[in-house]
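Trainee: I am attaching a structure below and will ask some questions about it afterwards.
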């Protein structure tokens, strides 16, 4: 009988100790748990302060992606209405979030610091097609604060004709 009372007292002690501890869970939609500073979430294509895209269509992010989740098709920049400060720009840019493993290699490979993985992680959708982000959904909703670099890209005046000697 004494062993049973000891076991009951031990169980009640554990219950009372846990009862007065702060909860270890979060009421998710109302209170969100803070994320680490280096958390990698949704992809974003940054733009310069003047509205030009930072992406120059080099396709290095596509090459660096181990999951083949990124597709980039580059096109020649129009000197009259440029999309980016370089000779080319990312005409088609798409990220398949169902394939992406959020490793950050694409972000590291980008020479213009255009591609950025944000803190956003609520990426649920009802269809698979909605999880393939096209360029219009990837472009940043606000300028990045970056200025167009001086003397990095000369003003683009169009493709020069080949000189044959």
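Easy rule for this one: first residue shown is 1, then count along the chain.
Glycine is no exception: its Cβ is also placed from the backbone N, Cα and C atoms.
Heads up, TrEMBL stuff is auto-annotated, nobody curated it.
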Trainee: TrEMBL has 100, 103, 106 down as binding [4Fe-4S] cluster 2; which of 65, 114 does it also list for that site?
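Mentor: Answer per TrEMBL: 65.
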Trainee: Among the binding-site residues 58, 61, 65, which residue has the largest number of other Cβ atoms within 10 Å of its own Cβ?
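Mentor: Counting Cβ neighbours within 10 Å, the top one is 61.
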Trainee: To the nearest Å, how far is the Cα of residue 106 ([4Fe-4S] cluster 2 binding site) from the Cα of residue 58 ([4Fe-4S] cluster 1 binding site)?
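Mentor: Residue 58 ([4Fe-4S] cluster 1 binding site) has its Cα 12 Å from the Cα of residue 106 ([4Fe-4S] cluster 2 binding site).
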Trainee: Mind telling me which of the binding-site residues 55, 100, 103, 106, 110 has the densest Cβ neighbourhood, counting other Cβ atoms within 10 Å?
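Mentor: Of the binding-site residues 55, 100, 103, 106, 110, the most buried by Cβ count within 10 Å is 55.
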